[in-house]
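Colleague: According to TrEMBL, the feature compositional bias 'Basic and acidic residues' maps to 1-17, 531-542. Here TrEMBL flags 1-42, 514-546 as region 'Disordered'. Annotated compositional bias 'Low complexity' per TrEMBL: 18-33, in sequence order. If you look up TrEMBL, you'll see 84-110, 116-134, 328-347, 353-371, 902-924, 930-950 marked as transmembrane segment. Here TrEMBL flags ASP413, LYS414, THR415, GLU552, PHE594, LYS618, ARG649, THR729, GLY730, ASP731, ARG814, LYS820, ASN844, ASP845 as ATP binding site. What TrEMBL lists as Mg(2+) binding site is ASP413, THR415, ASP841, ASP845. Per TrEMBL, the feature compositional bias 'Polar residues' maps to 514-530. TrEMBL lists 868-996 with the feature domain 'P-type ATPase C-terminal'.
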Amino acid sequence: MQRFEDEKEDDSFRNDDQNNQDAFQNNNQNHQNPDLKRSSEPDLLDQIPNLRRIKIDGKYKDGQKSERFPGNSISNQKYSTWNFVPVVLFNQFKFFFNLFFLCVSISQFFESLRVGFLFTFLAPLVFVLLLTMAKEGYDDYQRYQRDKIMNTKVYKKIDKNSKLTIEVQSKDLKVGDVIYVQSNERVPADLVLLYTTDKSGTVFIRTDQLDGETDWKVRRPVTFTQNQIERPEEILFMDNAEIKCEGPTNLIYEFAGLFENHVRNGHESREALSLENTLWAETVLASQGFIVGIVVYTGRSTRSQMNQKLPTTKQCQLDREINYLSKILFVLVLILSMSIVLLNGFHGDWLMFYFRIVLLLSSIIPISLRVNLDLAKMWYSYCINQDDQIPGTVARNSTIPEELGRIQFLITDKTGTLTQNDMICKRIMTEFAQFSSDDTAEDLKELIFKNCRLFGEGPCGDYDIITAKVQTRRREQHQICRDMLTALTICNNVTPVHQDPAVQVPQAHKNADISNFGSSRRASNNTPQHSQDRINQDKSDEPILQASSPDEIALVKFAIDMNMYLLERDRAQVQIKNSDNKYENYEVLANFPFSSETKKMSILVRQKDTGRIIYYVKGAEVVMETKVKPAQRAPLLEFCESLAMEGLRTLVIAQKVLTAHDCELFLQNYKAAASRLKQREQFIQAAVSELEHDLEFLGVTGVEDKLQNNVQLTIESLKSAGIQVWMLTGDKVETATSIAISAGLKSRRHQLYFMRELDDPKLVQDHLKEFAPKVLTTVLIIDGKTLDTILKNNDTEQAFFEISIKAPCVCVCRCSPTQKARICQLLKLYTNGMRIAGVGDGGNDVGMILEADVGIGIVGKEGMQASLASDFSIMEFGSLRKLILWHGRLSYKRSAVLSQFVIHRGLIISVIQGIFIILFYFVAIPVYNGFLMLGYATIYTSLPVFSLVFDRDANVDAVLKFPPLYKTLQKGRNLNFKTFCIWVWKSLFQVIFKLYNVVVGISNYHVLYIVLQ
């Protein structure tokens, strides 16, 4: 994003005032108000594709018209009112099975082809279609009801005519509407942030429902609107303000726009807009208070909707196999009919005779099979819904329960699916000791308290303030521990926030005057009693910790447990309270947030009481290894490896005490680098690298991301059942690696192989050649950038999937929603139709869930979007064990036997019909009455059919105890051409045996009759 802004500014604003350039370009100074020259407008606007203009006040001048944009309604439905019947019929008659019976039924309208009662042919077909339409209609109505909840959620917006706050449903939002979003509320459309009640001028949002990343993102309002207004309603009085932005796109990490405000005196305020000024739909406001934003994209044009795949009708593999067998049966009917014609000879109207025989033998393809299978599927779904051991499980798609018994690949999200997204700091290791949050926390508390009592003025008490050198030969353990906890408290982006009841979204008004409304609101916020209540509440209430990452909060909470409290933070200063209840105030001289490129964050502070200047750094071991003193590198790597073996996420903590001269020199270099237009980031990192050498290693933290219940057992069972598990996550490589270890995706005998930051197909090919010989015992870790390189080249794509499907596990990191769906699609392509299951809990997983053969949604903390779009909804990942190994196995085995038994039943009748025609001089008439045949296919033989639906070949405990039982189903050996031939032979044998008994019985009766005569 920063590079994106720099490139635009380099071309557009080269001749502008230098101070305004700095304020405009530097994200750390984004709160300033840039004034840009008019002459730069054409250059900047040329860089914004598909430009759209949105007036803040909604009033367009003569000759200008507001563009027409899609509505904001969300729809996950498969059908509409108009296309429901034709689409359902088309999907049904795509199956040869149903198309055959449609042709048979139509033939009975012609007198020369009629071989029975029309009702006996039409009734089963109509019943099957009505049952299917009712089932599809019910499922789609359920989707409509779930969408209705989202679409009718009420938000508050500022009316552009009356300037009052009114209520509006989410579906009725339009581009240009100015709306409020409260804390922990879902953003209903893509917004540009105009105003926030947060004192720092920034807000945090949660994006895990959009991109899968657990780190909270920082967003900043438009500088002019944030600084110039006192009340949100004043935004609409900006009659000369407008936003110019790019057209709709699916790029969730990019945005190009421009805010302009034409002042009457001729001056103009202009500010470039980037991703940091936006809130995309499906994100959640994490900060306290509320924000005001203007809608720029709605409905199908939002980033989340453009990254989603439209719902489709999924077909069960068993239905395809039955469709294939029905074609074989049709060929068998044609052969038997032609054989009878050959025996009779080609005389007379033999062609009509042939077609009548085909119709008489059509019961060889039983229409009752469709009815029986649909009823069985409904029973399977009912059993899943009523299973007490997996409460909350819902079968939303009742047409594919058998697919659960054929799964060979399971693609899963990480955050909220495998993990609870609840971080806890479990371990801290220093050079001389290690401490656990469970066992030795009290020892660490005593050491910190001891140091705080000895050196009450602050950390690094054994350092000389002038020379910045240690005054002793060896630092004491309590001093290192105190410095370590101080670093955890200060070196982060955590902001403690108190709930402020005064900051509330204005109540919706119907008939009131804007002046009265504004004055009443100001009065309610500024009364002395109200202010005193706020102070009392701030003192009594425990602050809410806000940060861009749950790891940061976990470390700060650990410091709080050690009696080191973070009290206040803003851009200029940090205040903490140490273990001895003494306050420490720090001035922030420079702050360098974490990024995926640097893999570290750092902060330069000056303690106000002592004047001591300290540079704190924390980051991944691969980065920090070369920055600490050479003598401390060996324990650093040893500690990180030890914690990683326990499945903990590691961070290395280091510090450096600076002299005043060194600090001043660094700040000069830093400010010079920050003021550059070209390659600013590179020069900043070069300046920082001059500081990051010979750092003092303080210790390593081990943070645990709590797994959901029974995740390890479930993954172990699925792997034993022959199911390969792939993990796709939006998180960084280090996080995914630790979860792969702790969740059991990587066993002890497996190695890790990394492919990351590869943008050259040749490099990818080289890595694949290196990976191929050890693929069977190696877990592949790959990032989104490398995956994007792979997917852009067909040869590389094919080579990657042909090799990676042999690996025990593949973890894809920094994976976008589109990439998740694409991986699922390509897996089906390169595995020759193996069954793929997709599991996720967020809106960013919907595309993957819809693309998979079986989509399984988990009801997550942030919403039910994945659950609503899925085929099966579960409450936690551990429910997959019984859902797949027990219900999936039973559903497939039962349907396989049921379908072949019904085919067997039809074969018996058809063979008897054929023999009857031959014995009775080739007369093309039915041997049985039509209603008798209808009863035989439904009522008379229903008990054997339903007994198969209730059949169990093993109990649930045995199936879950021995997961390899599932392997026998994956190759489809319960229903294939071989088993079909076996059932055909059974049918022929039974017909021959029955006819033999009949002939023998008749002969015996004839002999007995002669004897009696």
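Glycine too: its Cβ is placed from the backbone N, Cα and C atoms.
Because TrEMBL annotations are produced automatically, they should be read as predictions rather than curated entries.
Structural setting of the listed features?
Modeller: Sequence-distant contacts of the transmembrane segment (84-110) (same chain, six or more residues past either end, CB-CB distance under 8 Å): 78, 116, 118, 121-122, 124-125, 128-129, 132-133, 136-137, 140, 313, 319, 322-323, 326-327, 330, 355, 359, 362, 365, 367, 369-370.
All protein chains included, THR415 (ATP binding site) registers 27 other Cβ atoms within 10 Å of its own Cβ.
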Colleague: Over the span of the domain 'P-type ATPase C-terminal' (868-996), how high is the average pLDDT in this prediction?
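Modeller: Averaging the confidence scores along the domain 'P-type ATPase C-terminal' (868-996) gives 84.
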Colleague: Taking pairs 6 or more apart in sequence, does the count of Cβ pairs under 8 Å between the transmembrane segment (116-134) and the transmembrane segment (930-950) hit 3 or more?
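Modeller: They do touch: at least three Cβ pairs between the two stretches lie under 8 Å.
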Colleague: Most CB pairs under 8 Å with the transmembrane segment (353-371): which of 328-347, 902-924, 930-950?
Modeller: 902-924
Colleague: Including all protein chains shown, what's the count of other C-beta atoms within 10 A of the C-beta of ASP845 (Mg(2+) binding site)?
Modeller: 36
Colleague: Counting only residues 6+ away from its ends, which parts of the chain sit with a Cβ under 8 Å from the transmembrane segment (930-950)?
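Modeller: Contacts of the transmembrane segment (930-950) (Cβ under 8 Å, skipping residues fewer than 6 from its ends): 116-117, 119-121, 123-124, 363, 366-368, 371-372, 375-376, 379, 894, 897-898, 901-902, 905-906, 909.
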Colleague: Near ASP841 (Mg(2+) binding site), meaning Cα within 10 Å, which of PHE594, ARG649, GLY730, ARG814 (binding-site residues)?
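Modeller: Checking each Cα against ASP841 (Mg(2+) binding site), there are no hits.
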Colleague: Distance check, please: Cα of ARG649 (ATP binding site) against Cα of ASP845 (Mg(2+) binding site), rounded to an integer number of angstrom.
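Modeller: Each residue's Cα considered, ARG649 (ATP binding site) and ASP845 (Mg(2+) binding site) end up 24 Å apart.
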Colleague: What is the Cβ neighbour count of ASP841 (Mg(2+) binding site) at a 10 Å cut-off, with all protein chains included?
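Modeller: Total other Cβ atoms inside 10 Å, all chains included: 34.
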Colleague: Max CA to CA distance in Å over the ATP-binding set ASP413, LYS414, THR415, GLU552, PHE594, LYS618, ARG649, THR729, GLY730, ASP731, ARG814, LYS820, ASN844, ASP845?
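Modeller: The ATP-binding residues span at most 32 Å between Cα atoms.
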Colleague: Would you mind splitting the domain 'P-type ATPase C-terminal' (868-996) into helix, strand and coil residue counts from DSSP?
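Modeller: Each residue of the domain 'P-type ATPase C-terminal' (868-996) counted once, the result is 98 helix, 3 strand, 28 coil.
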Colleague: May I ask for the distance between GLY730 (ATP binding site) and ASP845 (Mg(2+) binding site), taken between their Cα atoms and rounded to an integer number of Å?
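Modeller: Approximately 10 Å lies between the Cα of GLY730 (ATP binding site) and that of ASP845 (Mg(2+) binding site).
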